[in-house]
Amino acid sequence: MGPKRIPLVAGNWKMNFDHLEATYFVQQLAWNLRAIHFDYKRCEIALMPSFTSLRSVQVAVESDNLKIRYGAQAVSVTSQGAFTGDVSADMIAHLGCSYVIVGHSERRKYHPEDDANIVDQVRAVLAAGMQPILCVGESYEERRKGIELDFAVGQVHDVTRDLSDEEAAKLIVAYEPVWAIGTGMVATPQSAQDAARAIRNDLSDTFGTRVGETVRILYGGSVSSKNAVELINEPDVDGFLIGGSALKVDELTRICKLTLETTA
């Protein structure tokens, strides 16, 4: 964790929780964090619900003046019109969202989304005043070939190379090795650090050291309270994008607490 970067713990709920379950989870998480006197100024917490729960999460957060932030899991590259099923960045921003996940491996695989589309998503999110969380990471096959760092860095470079310095500085990168997502397998702290450092170096080479040292780089892939401390202790890991553990409110509370304590 870098000395000038505020850690971020983001929970990606994927296709889980209806709007009532989402509301209850937000209230319970806020209660848990209040009970331990959580300092949101030193560690940001964000939840990424499904589109159908965004409004409910907004109401829960705003009605109780909670410090928890939230965002969307996907976004359209178009602003409006005859695009059935799409949701624009402006629509998401009007619900008070701070972040939007772009380029997640599940979106790349099942929809599919390519780098050109992801570049447009990043620009749409930035234009709407939110921060994109750009997901990158290698498959097991790429790791077996020993090209995992080149692959992850290449994904970042292909998406960011045409951004301005100002746009790039607002980016958040989530390194999520595909083989670790939902498998119980987790990258070693050194592997996570190596990837984060390589990504940061590429950003510094492209946009200058100021931008490279400003961008927060998260780790994702079977994060739990058992491995959070050793991961966040790495100098270039600035937080987490969490899947399964973010569906369990007590476990997510523990990860938030450990992240804050370790980076204090």
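Cβ atoms are placed via backbone N, Cα and C, with glycine included.
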Which of GLY71, GLY182, GLY208 belongs with ASN12, TRP13, LYS14, SER222, GLY243, GLY244 in the substrate site listed by Swiss-Prot: GLY182
Distance, GLU176 (active site, proton acceptor) to ASN12 (substrate binding site) (CA atoms, angstrom): 12
Under 8 Å by Cβ from GLU176 (active site, proton acceptor), same chain, sequence gap 6 or more: HIS104, SER105, CYS135, VAL136, GLY137, TYR219, GLY220, GLY221, LEU241
C-beta crowding around SER222 (substrate binding site), within 10 angstroms: 21
Recorded positions compared (LYS14, HIS104) - highest count of Cβ atoms within 10 Å: HIS104
Residues ASN12, TRP13, LYS14, GLY182, SER222, GLY243, GLY244 [recorded substrate binders]: greatest CA to CA distance in Å: 14
